Amino acid sequence: MKILISNDDGVNAEGIAALTTALNQIAETLTVGPDRNCSGASNSLTLTNPLRLNTLDNGFISVSGTPTDCVHLAIRELYQDEPDMVVSGINAGANMGDDTLYSGTVAAAMEGRFLGFPAIAISLVGHELKHYDTAAHYALKIVKALQDSPIAQDKILNINVPDLPLAEVKGIKITRLGARHRAEGMVRTQDPAGREIFWLGPPGDEQDASDGTDFYAVANGYVSITPLTVDLTAFEQLSALESWLTQIHD
């Protein structure tokens, strides 16, 4: 089995090393990640600059691009034979609810699925992020299960693991995405030259963290698995929009 591993925290991040070590037990892995932290990169591609590669001492390959660039480049150019699966992570922090729209971790998995391969994204949720070994354990279990029973062709699995010792995790829940309140405002400050600058503020608190959501599962000590689709069409709105279309006049 061949597995392509990527992330958005950068090729030197602790999470991608833990994930690679775990998956090396069952697969031939190729680890290709951005040369810097690309958190929040979503599905962005590098279109105006060339991509430069560097092979590190541990065999990982760094790319001067986004997580999506990494997966696209690896599959198109670095593999003689295609991988069997794409695994993205282990992200340093949650990718739940609205986070998935901005996440480079989820985007790397999404690019794998766009290109026709089973794909999962895995994140470690907590404040101190001590237990990458727990997330790696569940990544290994889930990859083994996918090897035996693949999921639908147009889906990826978004996995969030509570930052707990393995023995304290209560199990796995299949969940839907929750939702956050609107993000807090920008942080206004000055650079050393006295010029005004802005930082993005923290994300909003949970708005929908009810039973059945990813937020609820992780908060209660469970691993959350949420199936995501790459087709963003709101199918339930199609017929309503057909009726609405009659209101548009020349």
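One is the number of the first residue shown, and numbering goes on along the chain from there.
Keep in mind that glycine also has a Cβ here, set from the backbone N, Cα and C atoms.
Site annotation (Swiss-Prot, ligand divalent metal cation) includes Asp8, Asp9, Asn91; from Ser39, Ser42, Ser62, the additional listed residue is Ser39.
The Cβ of Asp9 (divalent metal cation binding site) lies under 8 Å from the Cβ of Gly15, Ile16, Gly33, Asn37, Cys38, Ser39, Asn91, Ala92, Thr105, each on the same chain and at least six residues away in sequence. Using a 10 Å radius centred on the Cβ of Asp8 (divalent metal cation binding site) and all shown protein chains, the other Cβ atoms total 32.
One residue stands out among the binding-site residues Ser39, Asn91 for having the most other Cβ atoms within 10 Å of its Cβ: Asn91.
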